[in-house]
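Novice: Pulled these features from Swiss-Prot for this protein:
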ACT_SITE  HIS158  active site, proton donor/acceptor
ACT_SITE  LYS162  active site, proton donor
BINDING   GLY11, PRO12, ILE13, GLY14, ARG15, MET16, GLY101, THR102, THR103, ALA125, SER126, ASN127, PHE128  NAD(+) binding site
BINDING   LYS39  NADP(+) binding site
BINDING   HIS159, GLY168, THR169  (S)-2,3,4,5-tetrahydrodipicolinate binding site
Amino acid sequence: MNKKTRIAITGPIGRMGRMLIKEIQNNKHSHLTVAVVQKKHQLIGQDIGRIIGIGEIGVLISDELNIKKNDFDVLIDFTRPAGTLEYLKYCNKFKKNIVIGTTGFSKEEIDIIKSYSQKIAIIIASNFSIGINLLFQLIKKTTQIIGKDSDINILEYHHRNKIDAPSGTALEIGEVISKVMNWNLNQDSIYYQKGITGIRDAKKIGFSIVRAGNIVGKHTVMFSSCDEEIKITHTASNRMSFARGAIQSALWIHKKNTGLFDMTDVLSL
């Protein structure tokens, strides 16, 4: 009988943290053993299951990851860049693998993550949904066929509380397109604003961003020529698809030694 993968969750009280815990509890191959919050959080010592409304599960909220080093196999982190880098230090010190869903990293921070992947195994993804990762493949193929003849625009929609823009997923879509077209995403992007913007440059990716209400996530990529237009859209109805993908990633990376991976590795795309 295979042992369950023991998982630690950071930010367990947030929306994504709650979804992750519920999915872990429903997955026969995983087991929640650690729930980590910031120092001096008012809920430290309380049962996380009771706090998120699923009843007591025997896991007490803690702010001390180091004393829990023998209690988990993989850490899942959906917090903020500064917090993620601190958790990476712990994982590196105790040789624990990590799944990172945090977005908004700078190039320098990504380089730090890459350096840690020489010592532990890391999965980092802007979006853990199976659907969005299939979308990446569709975008790649479409760009290969009609990219040079199209104006390409990415439209992304998220809830009003999302703090980074464009979304990590939108930027990853942009990277997929840029690699095919041999463009530099940082230099070849348009972020629409008011005023006289001039004629649209054909060799650019346009980004449009909406923050409103409780939108979980919607991404549309438009390929527009003078004769026709193709739209490819992915809409997330809830966050459970992200949670399932993150748990699947944790199970996949459990026995890995070192390396930097993403969802294309997990899904064998």
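Glycine too: its Cβ is placed from the backbone N, Cα and C atoms.
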Novice: Cβ-Cβ under 8 Å from SER126 (NAD(+) binding site), same chain, 6 or more residues apart: which ones?
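Specialist: For SER126 (NAD(+) binding site), the qualifying residues are THR103, SER167, GLY168, THR169, LEU171, GLU172.
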Novice: Test of understanding: give the count of other CB atoms lying within 10 angstroms of the CB of ILE13 (NAD(+) binding site).
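Specialist: The Cβ of ILE13 (NAD(+) binding site) has 16 Cβ neighbours within 10 Å.
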Novice: List every residue in the same chain as PHE128 (NAD(+) binding site), at least 6 positions away in sequence, whose Cβ is under 8 Å from its Cβ.
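Specialist: PHE128 (NAD(+) binding site) has long-range Cβ partners GLY101, SER241, PHE242, ALA243, ARG244, GLY245, ALA246, GLN248, SER249, MET263.
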Novice: Using only C-alpha positions, which one of GLY11, ILE13, ARG15, LYS39 is spatially nearest HIS158 (active site, proton donor/acceptor)? These are the binding-site residues in the record.
Specialist: ARG15
Novice: For the recorded (S)-2,3,4,5-tetrahydrodipicolinate site formed by HIS159, GLY168, THR169, name the remaining residues of the chain with Cβ within 8 Å of the site's Cβ center, in chain order.
Specialist: THR103, SER126, ASN127, GLU156, HIS158, LYS162, ASP164, SER167, ALA170, GLY217
Novice: Looking at the recorded positions ARG15, LYS39, HIS158, HIS159, LYS162, which sits with the largest number of other Cβ atoms within 10 Å of its Cβ?
Specialist: HIS158
Novice: What count of other C-beta atoms do you get within 10 angstroms of the C-beta of THR103 (NAD(+) binding site), across all chains shown?
Specialist: 23
Novice: Let me know how many other Cβ atoms fall within 10 Å of the Cβ of GLY101 (NAD(+) binding site).
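Specialist: Taking all protein chains shown, GLY101 (NAD(+) binding site) has 24 Cβ neighbours within 10 Å.
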Novice: List the same-chain residues at least 6 positions away in sequence whose Cβ sits under 8 Å from the Cβ of GLY11 (NAD(+) binding site), in sequence order, or say none.
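Specialist: Listed in sequence order: GLY17, VAL36, VAL37, ASP77, PHE78, THR79, GLY83.
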Novice: What is the nearest of the binding-site residues ILE13, ARG15, LYS39 to the residue listed as 'active site, proton donor', using the Cα of each?
Specialist: ARG15
Novice: Rounded to the nearest angstrom, how far is the Cα of ARG15 (NAD(+) binding site) from the Cα of the residue listed as 'NADP(+) binding site'?
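Specialist: Cα of the residue listed as 'NADP(+) binding site' to Cα of ARG15 (NAD(+) binding site) measures 19 Å after rounding.
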